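Peer 1: Mind having a look at this structure? Questions to follow.
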Amino acid sequence: MKVEQKVTSIDNYTFSFSGEVTIPVAPPDFKSGFIGIIGRPNVGKSTLMNELVGQKIAITSPVAQTTRNRLRGILTTSEAQLIFVDTPGIHKPHHQLGEVLVQNAKIAIESVDVVLFVVDGSVVCGAGDRYIADLLSRSQTPVVMGLNKIDQQPADSQFLDDSYAQMAKFHEWEIVKFSAKTSAGLPQLQQLLIQHLEIGPLYYPPDLVTDQPERFIMGELIREQIILLTREEVPHSVAIAIDQVEETPNITRVLATINVERDSQKGILIGKGGSMLKAIGSAAREQIQKLIAGKVYLELFVKVEPKWRQSRVSLAELGYRVEE
(Lines of atoms letter the chains of each structure in order from A; the text may use other names.)
(Lines give C-alpha, C1' and ligand atoms only; values in the text may rest on other atoms or scores of the structure.)
Protein backbone atom coordinates (compact mmCIF):
# COMPACT_ATOMS: atom_id res chain seq x y z
CA MET A 1 0.00 0.00 0.00
CA LYS A 2 1.24 3.50 -0.85
CA VAL A 3 1.48 5.67 2.21
CA GLU A 4 3.20 8.79 3.44
CA GLN A 5 4.75 8.50 6.87
CA LYS A 6 6.61 11.10 8.89
CA VAL A 7 9.35 10.18 11.33
CA THR A 8 10.71 12.74 13.79
CA SER A 9 14.20 12.16 15.15
CA ILE A 10 15.36 13.05 18.64
CA ASP A 11 16.89 16.27 17.28
CA ASN A 12 13.46 17.31 15.95
CA TYR A 13 14.25 16.67 12.29
CA THR A 14 11.16 15.44 10.43
CA PHE A 15 11.62 13.23 7.39
CA SER A 16 8.75 12.21 5.13
CA PHE A 17 8.67 8.84 3.40
CA SER A 18 6.47 8.61 0.32
CA GLY A 19 5.67 5.32 -1.36
CA GLU A 20 5.94 1.79 -0.05
CA VAL A 21 7.17 2.22 3.51
CA THR A 22 7.79 -0.43 6.12
CA ILE A 23 9.47 0.30 9.42
CA PRO A 24 9.42 -2.96 11.36
CA VAL A 25 9.24 -3.19 15.12
CA ALA A 26 12.72 -3.48 16.59
CA PRO A 27 13.57 -6.79 18.28
CA PRO A 28 14.16 -6.98 22.04
CA ASP A 29 17.44 -5.41 23.23
CA PHE A 30 17.78 -3.54 19.91
CA LYS A 31 19.73 -0.28 20.25
CA SER A 32 19.45 2.94 18.28
CA GLY A 33 20.64 6.50 18.44
CA PHE A 34 22.18 9.54 16.77
CA ILE A 35 25.95 9.92 16.57
CA GLY A 36 27.46 13.32 15.76
CA ILE A 37 30.70 13.21 13.76
CA ILE A 38 32.69 16.27 14.88
CA GLY A 39 36.19 17.44 14.04
CA ARG A 40 38.42 19.95 12.31
CA PRO A 41 38.02 20.45 8.54
CA ASN A 42 39.52 17.72 6.36
CA VAL A 43 40.11 15.06 9.03
CA GLY A 44 38.09 12.51 7.05
CA LYS A 45 34.61 12.82 8.57
CA SER A 46 32.71 12.49 5.29
CA THR A 47 34.90 9.63 4.07
CA LEU A 48 34.25 7.87 7.36
CA MET A 49 30.47 8.21 7.13
CA ASN A 50 30.42 7.02 3.52
CA GLU A 51 32.44 3.96 4.52
CA LEU A 52 30.30 3.18 7.56
CA VAL A 53 26.99 3.27 5.67
CA GLY A 54 28.44 1.57 2.59
CA GLN A 55 27.44 4.24 0.06
CA LYS A 56 28.62 7.65 -1.07
CA ILE A 57 26.25 10.19 0.46
CA ALA A 58 28.74 12.91 1.49
CA ILE A 59 31.25 14.52 -0.84
CA THR A 60 34.96 14.20 -0.13
CA SER A 61 37.99 16.07 -1.43
CA PRO A 62 41.49 17.20 -0.42
CA VAL A 63 40.08 20.73 0.03
CA ALA A 64 39.10 21.61 3.60
CA GLN A 65 35.59 22.73 4.61
CA THR A 66 33.73 20.97 1.78
CA THR A 67 30.87 19.72 3.98
CA ARG A 68 28.24 22.45 4.36
CA ASN A 69 25.09 20.72 5.54
CA ARG A 70 24.30 18.47 8.46
CA LEU A 71 24.15 15.15 6.62
CA ARG A 72 22.65 11.98 8.06
CA GLY A 73 23.90 8.52 7.20
CA ILE A 74 22.10 5.43 8.48
CA LEU A 75 23.67 2.07 9.34
CA THR A 76 21.34 -0.72 10.43
CA THR A 77 22.69 -4.01 11.75
CA SER A 78 21.02 -6.95 13.46
CA GLU A 79 21.64 -5.36 16.84
CA ALA A 80 21.42 -1.60 16.30
CA GLN A 81 20.56 1.34 14.07
CA LEU A 82 23.21 4.06 14.07
CA ILE A 83 22.25 7.42 12.58
CA PHE A 84 25.45 9.34 11.84
CA VAL A 85 25.27 13.14 11.65
CA ASP A 86 28.20 14.43 9.57
CA THR A 87 28.84 18.09 10.33
CA PRO A 88 30.91 20.87 8.74
CA GLY A 89 34.42 21.08 10.13
CA ILE A 90 34.59 23.39 13.14
CA HIS A 91 36.80 26.36 12.30
CA LYS A 92 37.00 30.13 12.70
CA PRO A 93 34.34 31.52 10.31
CA HIS A 94 35.21 34.30 7.85
CA HIS A 95 31.76 35.08 6.39
CA GLN A 96 28.03 34.61 7.03
CA LEU A 97 28.06 31.14 5.46
CA GLY A 98 30.89 30.11 7.78
CA GLU A 99 28.94 31.39 10.79
CA VAL A 100 25.93 29.27 9.79
CA LEU A 101 28.03 26.14 9.22
CA VAL A 102 29.90 26.35 12.52
CA GLN A 103 26.71 27.16 14.44
CA ASN A 104 25.06 24.07 12.97
CA ALA A 105 28.01 21.93 14.03
CA LYS A 106 27.73 23.25 17.59
CA ILE A 107 23.98 22.56 17.63
CA ALA A 108 24.69 18.99 16.55
CA ILE A 109 26.84 18.43 19.64
CA GLU A 110 23.83 18.99 21.89
CA SER A 111 21.27 17.13 19.76
CA VAL A 112 22.87 13.68 19.47
CA ASP A 113 23.28 10.71 21.81
CA VAL A 114 27.02 10.30 21.29
CA VAL A 115 29.75 12.48 19.77
CA LEU A 116 32.46 10.86 17.67
CA PHE A 117 35.33 13.36 17.80
CA VAL A 118 37.44 12.57 14.73
CA VAL A 119 41.08 13.67 14.69
CA ASP A 120 43.86 13.29 12.12
CA GLY A 121 46.20 10.65 13.50
CA SER A 122 48.85 11.42 10.86
CA VAL A 123 49.68 14.77 12.48
CA VAL A 124 50.25 15.84 16.07
CA CYS A 125 47.34 17.17 18.14
CA GLY A 126 46.98 20.89 17.43
CA ALA A 127 45.21 24.05 18.57
CA GLY A 128 42.13 23.29 16.45
CA ASP A 129 41.70 19.93 18.18
CA ARG A 130 42.12 21.52 21.60
CA TYR A 131 39.51 24.16 20.72
CA ILE A 132 36.96 21.47 19.82
CA ALA A 133 37.87 19.43 22.90
CA ASP A 134 37.11 22.48 25.03
CA LEU A 135 33.69 22.84 23.35
CA LEU A 136 32.93 19.17 23.94
CA SER A 137 34.00 19.35 27.58
CA ARG A 138 31.20 21.87 28.21
CA SER A 139 28.57 19.47 26.86
CA GLN A 140 26.89 16.59 28.67
CA THR A 141 26.95 14.42 25.53
CA PRO A 142 29.25 11.35 25.80
CA VAL A 143 32.34 11.53 23.58
CA VAL A 144 34.38 8.88 21.79
CA MET A 145 37.65 10.04 20.21
CA GLY A 146 38.35 8.52 16.80
CA LEU A 147 41.98 8.55 15.65
CA ASN A 148 41.67 8.48 11.84
CA LYS A 149 44.27 8.10 9.06
CA ILE A 150 46.35 5.46 10.82
CA ASP A 151 47.29 4.25 7.32
CA GLN A 152 49.20 7.52 6.86
CA GLN A 153 51.13 7.36 10.12
CA PRO A 154 54.94 7.03 10.03
CA ALA A 155 56.61 3.84 11.25
CA ASP A 156 57.32 5.45 14.62
CA SER A 157 53.94 7.00 15.40
CA GLN A 158 53.95 6.71 19.18
CA PHE A 159 54.49 10.45 19.67
CA LEU A 160 51.41 11.14 17.52
CA ASP A 161 49.26 8.65 19.40
CA ASP A 162 50.46 9.99 22.75
CA SER A 163 49.45 13.57 21.92
CA TYR A 164 45.83 12.44 21.47
CA ALA A 165 45.91 9.82 24.23
CA GLN A 166 46.79 12.52 26.75
CA MET A 167 43.80 14.60 25.65
CA ALA A 168 41.46 11.59 25.80
CA LYS A 169 42.74 10.62 29.25
CA PHE A 170 42.31 14.17 30.57
CA HIS A 171 38.67 14.27 29.44
CA GLU A 172 38.04 10.59 30.30
CA TRP A 173 37.11 9.73 26.71
CA GLU A 174 37.49 6.32 25.13
CA ILE A 175 39.74 6.32 22.07
CA VAL A 176 39.74 4.06 19.00
CA LYS A 177 42.16 4.00 16.04
CA PHE A 178 41.04 3.40 12.46
CA SER A 179 41.44 4.30 8.81
CA ALA A 180 38.34 5.47 6.97
CA LYS A 181 40.24 5.02 3.71
CA THR A 182 41.20 1.34 4.19
CA SER A 183 38.40 0.39 6.67
CA ALA A 184 40.98 -0.88 9.18
CA GLY A 185 39.55 -0.63 12.71
CA LEU A 186 36.02 0.28 11.60
CA PRO A 187 34.38 -2.88 13.05
CA GLN A 188 35.89 -2.00 16.44
CA LEU A 189 34.67 1.60 16.10
CA GLN A 190 31.18 0.40 15.23
CA GLN A 191 30.99 -1.89 18.26
CA LEU A 192 32.27 0.81 20.61
CA LEU A 193 29.62 3.24 19.39
CA ILE A 194 26.87 0.63 19.79
CA GLN A 195 27.97 0.13 23.40
CA HIS A 196 27.20 3.82 24.03
CA LEU A 197 23.66 3.61 22.62
CA GLU A 198 20.54 2.75 24.59
CA ILE A 199 17.67 0.39 23.81
CA GLY A 200 15.52 2.07 21.18
CA PRO A 201 13.32 1.73 18.08
CA LEU A 202 14.08 1.67 14.39
CA TYR A 203 13.85 5.33 13.37
CA TYR A 204 14.19 4.57 9.65
CA PRO A 205 13.56 1.61 7.31
CA PRO A 206 16.46 -0.88 7.62
CA ASP A 207 17.50 -0.50 3.96
CA LEU A 208 17.71 3.32 4.05
CA VAL A 209 21.25 4.78 4.11
CA THR A 210 20.41 8.50 4.23
CA ASP A 211 17.44 10.78 4.81
CA GLN A 212 18.70 13.38 2.34
CA PRO A 213 16.57 13.95 -0.78
CA GLU A 214 18.04 12.63 -4.03
CA ARG A 215 18.14 16.18 -5.44
CA PHE A 216 20.36 17.32 -2.58
CA ILE A 217 22.86 14.52 -3.18
CA MET A 218 22.87 15.30 -6.92
CA GLY A 219 23.83 18.89 -6.11
CA GLU A 220 26.58 17.74 -3.78
CA LEU A 221 28.01 15.40 -6.44
CA ILE A 222 28.19 18.31 -8.89
CA ARG A 223 29.88 20.50 -6.26
CA GLU A 224 32.37 17.72 -5.52
CA GLN A 225 33.56 17.64 -9.13
CA ILE A 226 33.96 21.42 -9.14
CA ILE A 227 36.13 21.14 -6.03
CA LEU A 228 38.22 18.31 -7.49
CA LEU A 229 38.72 19.95 -10.90
CA THR A 230 39.27 23.58 -9.85
CA ARG A 231 40.80 23.07 -6.37
CA GLU A 232 41.49 26.43 -4.68
CA GLU A 233 40.30 28.65 -7.56
CA VAL A 234 36.54 28.73 -6.84
CA PRO A 235 35.28 25.89 -4.57
CA HIS A 236 34.16 27.84 -1.50
CA SER A 237 32.34 30.41 -3.65
CA VAL A 238 30.11 27.80 -5.30
CA ALA A 239 26.54 26.78 -4.51
CA ILE A 240 24.45 24.37 -6.58
CA ALA A 241 20.73 24.68 -7.28
CA ILE A 242 18.96 21.70 -8.84
CA ASP A 243 16.37 23.41 -11.03
CA GLN A 244 14.65 20.40 -12.54
CA VAL A 245 14.69 16.60 -12.42
CA GLU A 246 12.59 14.91 -15.07
CA GLU A 247 12.38 11.12 -14.98
CA THR A 248 11.43 8.99 -18.00
CA PRO A 249 11.61 5.21 -18.44
CA ASN A 250 14.92 5.48 -20.32
CA ILE A 251 16.73 8.50 -18.88
CA THR A 252 16.68 11.07 -16.07
CA ARG A 253 17.13 14.68 -17.18
CA VAL A 254 18.76 16.97 -14.60
CA LEU A 255 19.07 20.74 -14.98
CA ALA A 256 21.30 22.53 -12.46
CA THR A 257 22.66 26.04 -11.88
CA ILE A 258 26.13 26.67 -10.47
CA ASN A 259 26.09 29.92 -8.49
CA VAL A 260 29.36 31.86 -8.07
CA GLU A 261 30.20 35.30 -6.68
CA ARG A 262 32.33 36.85 -9.45
CA ASP A 263 32.52 36.94 -13.26
CA SER A 264 36.10 35.69 -13.08
CA GLN A 265 34.90 32.55 -11.28
CA LYS A 266 32.26 32.03 -13.96
CA GLY A 267 35.00 32.19 -16.57
CA ILE A 268 37.07 29.58 -14.74
CA LEU A 269 34.11 27.21 -14.46
CA ILE A 270 33.18 27.53 -18.13
CA GLY A 271 36.78 27.27 -19.35
CA LYS A 272 38.13 27.75 -22.86
CA GLY A 273 35.40 26.89 -25.31
CA GLY A 274 33.33 25.44 -22.46
CA SER A 275 35.94 22.75 -21.75
CA MET A 276 35.87 23.00 -17.93
CA LEU A 277 32.07 22.99 -17.71
CA LYS A 278 32.01 19.97 -20.00
CA ALA A 279 34.54 18.14 -17.80
CA ILE A 280 32.59 18.97 -14.63
CA GLY A 281 29.34 17.82 -16.22
CA SER A 282 30.80 14.57 -17.52
CA ALA A 283 32.36 13.60 -14.18
CA ALA A 284 29.26 14.62 -12.18
CA ARG A 285 26.98 12.73 -14.56
CA GLU A 286 28.93 9.52 -13.93
CA GLN A 287 28.51 9.92 -10.17
CA ILE A 288 24.79 10.72 -10.43
CA GLN A 289 24.28 7.65 -12.65
CA LYS A 290 25.85 5.53 -9.91
CA LEU A 291 23.54 7.16 -7.37
CA ILE A 292 20.30 6.44 -9.22
CA ALA A 293 21.51 3.32 -11.08
CA GLY A 294 20.28 4.69 -14.41
CA LYS A 295 21.18 6.82 -17.41
CA VAL A 296 21.39 10.59 -16.82
CA TYR A 297 21.38 13.67 -19.04
CA LEU A 298 22.93 16.54 -17.06
CA GLU A 299 22.78 20.16 -18.23
CA LEU A 300 24.69 22.80 -16.26
CA PHE A 301 24.36 26.59 -16.21
CA VAL A 302 26.61 29.12 -14.44
CA LYS A 303 25.16 32.20 -12.75
CA VAL A 304 26.88 35.09 -10.94
CA GLU A 305 25.25 35.84 -7.57
CA PRO A 306 27.46 38.56 -5.98
CA LYS A 307 28.37 38.05 -2.31
CA TRP A 308 25.85 35.23 -1.82
CA ARG A 309 27.88 33.89 1.13
CA GLN A 310 27.37 37.18 2.99
CA SER A 311 23.62 37.43 2.38
CA ARG A 312 21.14 35.69 4.69
CA VAL A 313 18.50 35.89 1.94
CA SER A 314 20.76 34.27 -0.67
CA LEU A 315 21.89 31.64 1.83
CA ALA A 316 18.29 30.73 2.60
CA GLU A 317 17.39 30.57 -1.10
CA LEU A 318 20.31 28.20 -1.70
CA GLY A 319 19.36 25.98 1.24
CA TYR A 320 21.76 27.16 3.94
CA ARG A 321 20.29 28.10 7.32
CA VAL A 322 20.91 27.60 11.01
CA GLU A 323 19.23 24.30 11.85
CA GLU A 324 16.84 24.18 14.78
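Heads up, the Cβ atoms here are built off N, Cα and C, so glycines get one too.
Quantities reported herein were computed from a predicted structural model and do not represent experimental measurements.
Grabbed the feature section from TrEMBL, which reads as follows:
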type	residues	note
DOMAIN	31-199	domain 'Era-type G'
REGION	39-46	region 'G1'
BINDING	39-46, 86-90, 148-151	GTP binding site
REGION	65-69	region 'G2'
REGION	86-89	region 'G3'
REGION	148-151	region 'G4'
DOMAIN	230-306	domain 'KH type-2'
Peer 1: According to DSSP, which of helix, strand or coil covers I150 (GTP binding site)?
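Peer 2: Reduced to three states, the DSSP call for I150 (GTP binding site) is helix.
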Peer 1: Near the region 'G4' (148-151), which same-chain residues lie under 8 Å Cβ to Cβ, leaving out any that are not at least 6 residues past its ends?
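Peer 2: Distant contacts of the region 'G4' (148-151): 43-44, 48, 118-122, 157, 177-182, 184-185.
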Peer 1: Using DSSP reduced to three states, classify G39 (GTP binding site) as helix, strand or coil.
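Peer 2: Strand, per DSSP.
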Peer 1: Taking N42, T87 as the binding-site residues to compare, which has the smallest set of other Cβ atoms within 10 Å?
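Peer 2: Counting other Cβ atoms within 10 Å of each of the binding-site residues N42, T87, the minimum falls on N42.
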Peer 1: Could you tell me how many residues in the domain 'KH type-2' (230-306) are helical, how many are strand and how many are coil under DSSP?
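Peer 2: Computed counts for the domain 'KH type-2' (230-306) are 33 helix, 27 strand, 17 coil.
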Peer 1: Over all shown protein chains, what is the count of other CB atoms within 10 A of the CB belonging to G39 (GTP binding site)?
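Peer 2: Step by step: centre on the Cβ of G39 (GTP binding site), count other Cβ atoms within 10 Å, giving 26.
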Peer 1: Return the residue, from the listed binding-site residues I90, I150, with the maximum count of other C-beta atoms within 10 angstroms of its C-beta.
Peer 2: I90
Peer 1: Give me the count of other Cβ atoms within 10 A of the Cβ belonging to K45 (GTP binding site).
Peer 2: 27
Peer 1: Under DSSP, is I90 (GTP binding site) part of a helix or a strand, or is it coil?
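Peer 2: Its secondary structure by DSSP: coil.
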